[in-house]
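What Swiss-Prot annotates here:
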- Arg16, Glu17, Leu18, Lys19, Lys117, Arg526, Cys527, Trp572, Glu616: 5-methyltetrahydropteroyltri-L-glutamate binding site (BINDING)
- Ile442, Gly443, Ser444, Glu495, Asp610: L-homocysteine binding site (BINDING)
- Ile442, Gly443, Ser444, Glu495, Asp610: L-methionine binding site (BINDING)
- His652, Cys654, Glu676, Cys737: Zn(2+) binding site (BINDING)
- His705: active site, proton donor (ACT_SITE)
Amino acid sequence: MTIIHNLGFPRIGAQRELKRAVEAYWAGRQTAEALHETGRALRAAHWQRQADAGVAFVPVGDFAWYDHILEWTTLLGAVPARFGHPEGKPVDLDTLFRMGRGRAPSGKPAAACEMTKWFDTNYHYIVPELTPGQTFRVAREDLFEQVKEAQALGHRVKPVIPGPLTWLWLGKGDAFAQGAGDIGKLQLLDALLPVYGEVLERLAGLGVEWVQIDEPALVLDLPQAWRDAYQAVYAKLAASPVKLLLATYFDGLKDNLATALALPVAGLHVDLVRAPDQLSDVASGLRPGQVLSAGVINGRNIWRTDLDAALAMLAPVREQLQERLWLAPSCSLLHVPVDLAGETELDAELLGWLSFAVQKLDELCLLGKALGGDADPAVQQGLAAQRAALQARRQSPRIHNPAVAQRMAGQAGVSRERAPFGQRIARQQSELRLPAFPTTTIGSFPQTAEIRALRRDWKSGALTDSAYENAIRKEIEEVIRFQEKVGLDVLVHGEPERNDMVEYFGELLAGFAFTKNGWVQSYGSRCVKPPIIFGDVARPAPMTVGWSAYAQSLTDKPVKGMLTGPVTILQWSFVRDDQPREATCRQLALALRDEVVDLEAAGIRVIQIDEPAIREGLPLRRADWRAYLDWAVDCFRLSTAGVGEATQIHTHMCYSEFNDIIESIAAMDADVITIETSRSNMELLKAFEDFHYPNDIGPGVYDIHSPNVPEVDWMVELMRKAAARLPKERLWVNPDCGLKTRAWPETEAALIGMVQAARTLRAA
């Protein structure tokens, strides 16, 4: 019998029950006990579904109220002083929420902890804050209580915890200025490891046999000091009475292979979707009795698995390892939707190509039975059905568009060049006549319940096209008038017609499909529903021109056209796996180029092409960066270079660290870049200062992920810090990101303050 297990299950619920419960608690509409009851019900349902699929150990510890790294940070008692947590007391739920979002039903608001991308995914984690001499202790009981919950329901459990070195690698602190690999962070291990030891001892006391300890940092470029630390750390942790399954994912071990194989752990999980070529070396390097967990089902995409190929890859290793070969998804299933059963509106053909979390576990079970030689006819029938679905997808005429193929064949000859920036900016200033420290927003304005109801009624047919258009026009006019009243310089139309910055465009492009309930967690309670790129991408008609032109007709101030860039659409979609991602991105760039040209022709003088995801697309290994950055930058320029020098091109990036890709950002050659900087206290600007970034830049002056309204003096101080690093004539004033998730009262107060801050700076 082949053991199958799972690294983690989506925590949000099939109907986003967790999101709704958490937000109701934040709003005071639900008690803490009701929230905890929702959590218990979700965990029970998720454990049962995994057990029903044949998972040998259900994962415990993959559930989180906001973020699993934040859960672990609070378990360790690593609460920054500004949150006022009493020394030695258990960390309560509201403290956790204040760390994640700045406020909670109880406790004083405080600046939220930094949030950034989880490796190269579209999930965000809350960054641990580290200080020299920091102390740690077991400060929350949730993990242990959830183990007992699962056991009471009759499940064998496998607790899942972040490994100490990955947790430190992800952490930041002012004293650790050398970045993730700062060796000073390793000095915290002496205080940290006893707490890990205590956790493992307590889990053993609950009857736990295996603990999954996640160390995805092992797939990164590690300094030698960190490699050495792995050996020392796991020599100590191996003394615990539980068996450790060390999990790596998102890439291969590569030059860290010897380090991983030398660790005294009972099992090792590797990602064979991202790095199938490591299988032989890993298997041959195992010690006697050591388990190999093979991550063969893609935990990050939604296509059915080629089980025949997986069987062919695994058969020799199964022969070698026998029962010591375990099967699992490549990584946690956090990154895919919960269940295809909720997709009642996808056509049968496309539905047959897909696999969500529940289906991936079923695939895993089928693969395990086939690998173990199960003689049940249902196994062969299942393999045959899988084979037929893959063949149907390969042969479907829906995938290939001859017109797109023809255009792609000639895209190399399409210009990516614009006039020099100095020439462009002079022309743009003469046309736009903007003041010093011009103010703008990033694009979206609050999406009220009324706006969401409008879109919902229109999509369901309850609202006619003309009634919907009139209602959206009214919303746009209100946003324009509001911005004029506040005194913003470059306006936006507010995007009331858009449910999501990627899904909106996907609905208007050929080659995309959409789920009804394919939600995945992005951060906190924020969920996104990524489109599915299943075929060649083309733009049948203009997508934004009508709304932008209408908004511009209402005001003499410039109104930005708002587009999502090709790399971000790619990164935030589930992308076809039958051609290189680069090819799909170029198809997107050509479609967006047509839209940019049409916006200019409609009188739009400022066009923003958002690329918040360009850094997250970076391969995890630096040796692979150049190839990616070359085509990513080329795709951006392909989408923007069709307009004249008087048209000002903006781009926006958020949740990013720029130091190591600043040259490529400059090569994108946007006239203005707006970035997230407020949570980092403008530290991200150092990259632009050191590089002598040549174009205009708008460093975000307040954090839109927090409901806290910023003080004017604080925003002025942030901009003065920016002006100390960059020429003030090239600085813009703007929020960190779009305002979609904020309420109107806090939005109005924050923007009034932001405009006042800009006026203060001009008067100085």
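Glycine is treated like the rest: Cβ placed from N, Cα and C.
Nearest Cα neighbour of Cys527 (5-methyltetrahydropteroyltri-L-glutamate binding site) among the listed recorded positions (Ile442, Ser444, Cys654, Glu676, His705): His705. Gly443 (L-homocysteine binding site) is surrounded by 25 other CB atoms, counting those within 10 A of its CB over all protein chains shown.
Of all the binding-site residues listed here (Lys117, Glu616, His652, Glu676), His652 has the Cα closest to the Cα of Glu495 (L-homocysteine binding site). Listed recorded positions: Arg16, His652, His705. The one with the lowest count of other Cβ atoms within 10 Å of its Cβ is Arg16. It is Cys737 that, of the binding-site residues Leu18, Cys527, Cys654, Cys737, has its Cβ surrounded by the most other Cβ atoms within 10 Å. Across the fold, the C-alpha of His705 (active site, proton donor) and the C-alpha of Cys737 (Zn(2+) binding site) stand 8 Å from each other. Checking Cα-Cα distances from His652 (Zn(2+) binding site) against the binding-site residues (Arg16, Leu18, Ser444) with a 10 Å cut-off leaves nothing; none qualify. Between the C-alpha atoms of Ser444 (L-homocysteine binding site) and Cys737 (Zn(2+) binding site), the distance comes to 9 Å. Of all Cβ atoms in the shown protein chains, 25 besides its own fall within 10 Å of the Cβ of Glu676 (Zn(2+) binding site). Neighbour density for Glu616 (5-methyltetrahydropteroyltri-L-glutamate binding site): within 10 A of its CB lie 21 other CB atoms from the protein chains shown.
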